[in-house]
Amino acid sequence: MAPASIVIDIVFIPVYALLSIGSVVNACKHRRSGGFIQLLLFALFRFAGTILLVYAYYSKTTDKNVYIAGGLFTGLGYSFLLTAVLSQFQRASSQSGGGSVKGRARRPVNLLRTIATVSLILLIVGYSSYDGFAPSADGSSQPLPSTAKVGSILFVVTTVGEAALLLYSFLNASSELNNGGDHEARLIVKLLLAAQPFLLVRIVYSTYLVVSDHPFSGNPYARLVCINITECIASAILMALGFILSRDMSSSDKEQGEGKRDIEEPPRSAVGEQPAAADSYPPSYRAHQPSTWKENKA
């Protein structure tokens with residue numbers, strides 16, 4: 001009979017599949033806005049990583065690349081979950097506060113994204129050079145490389161910084177996000193803040209396993225609660241945002257809308273007067289008229 005950890009992985013394969021389907025729906029609705037592409041990538045990577053770990057157990061493979069891929073896909077999945085939260089926060093700041101809040105939010109968000117990227121690179125380098133994944137190797141005598149441990153710790157730093165940024169935005173009374181700001185923006189911040197405890201529990205426990213050189217071991221029921229359930233709850237909160245929020249215009253749509261408002265209207269004649277001469281029409285209006293209009297004018 002398979003151990004509890006493998007049974008748990010098997011149970012969560014359809015869960016990650018359902019999260020993938022819901023993320024596809026949100027990605028089609030919101031396109032590139034709001035981090036729903038990242039949420040889809042999280043679900044897909046966790047789905048693939050879990051399948052690989054189950055396959056590695058039943059096939060009794062000694063190929064460490066299968067274990068490396070399973071571990072990396074887990075790390076990649078969490079990285080995309082973090083960036084999805086940051087993208088949602090950026091959407092909230094741009095909707096409610098205009099240029100001032102958006103500008104203030106961009107710096108910490110970009111900093112946290114950079115730290116998350118560095119964390120992922122270190123995790124990839126560390127896992128790729130580790131020989132203790134396969135069952136034939138003595139994992140206890142082969143500690144994980146320090147690069148993997150540093151990468152996992154930096155993920156904790158990123159998550160804490162993300163939670164602090166959201167808490168500051170929620171509590172700061174002078175922020176436009178909470179002082180007469182857009183209703184959707186306030187809702188986004190509240191739900192993102194609600195997801196942070198689950199993300200913190202998830203990354204702190206997984207970092208503990210990495211630092212103790214047992215990334216895939218530990219109590220299976222503790223892993224169930226602190227990794228599988230917590231990250232699924234956090235991703236479900238983000239997915240719920242996608243169904244609740246209205247479709248956000250893409251940047252190209254906004255630019256086209258602003259461009260249309262820039263076209264000047266032709267001068268209106270008073271009632272009973274002759275129409276204004278064509279030469280008096282603003283140049284920006286004449287430039288958007290068809291060539292036949294110009295010929296009739298001549």
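Placed from the backbone N, Cα and C atoms, the Cβ positions cover glycine too.
Worth saying up front: this structure is predicted, and the values here are computed from it rather than measured.
Record features, source TrEMBL:
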type	residues	note
COMPBIAS	251-267	compositional bias 'Basic and acidic residues'
COMPBIAS	289-298	compositional bias 'Polar residues'
DOMAIN	8-246	domain 'DUF7702'
REGION	251-298	region 'Disordered'
TRANSMEM	6-27	transmembrane segment
TRANSMEM	39-59	transmembrane segment
TRANSMEM	65-89	transmembrane segment
TRANSMEM	110-130	transmembrane segment
TRANSMEM	150-171	transmembrane segment
TRANSMEM	191-209	transmembrane segment
TRANSMEM	221-245	transmembrane segment
>> How about long-range neighbours of the transmembrane segment (150-171): same chain, 6 or more residues beyond its ends, C-beta under 8 Å?
In response: 75, 78-79, 82, 85-86, 89, 92-93, 105, 108-109, 111-112, 115-116, 118-126, 177-178, 189-190, 192-193, 196, 199-200, 203-204, 206-207, 210-211
>> Out of 6-27, 39-59, 110-130, what stretch is closest in contact terms to the transmembrane segment (221-245), meaning most Cβ pairs under 8 angstroms?
In response: 6-27
> Taking all residues of the domain 'DUF7702' (8-246) together, what is their mean pLDDT?
Replying inline: 85
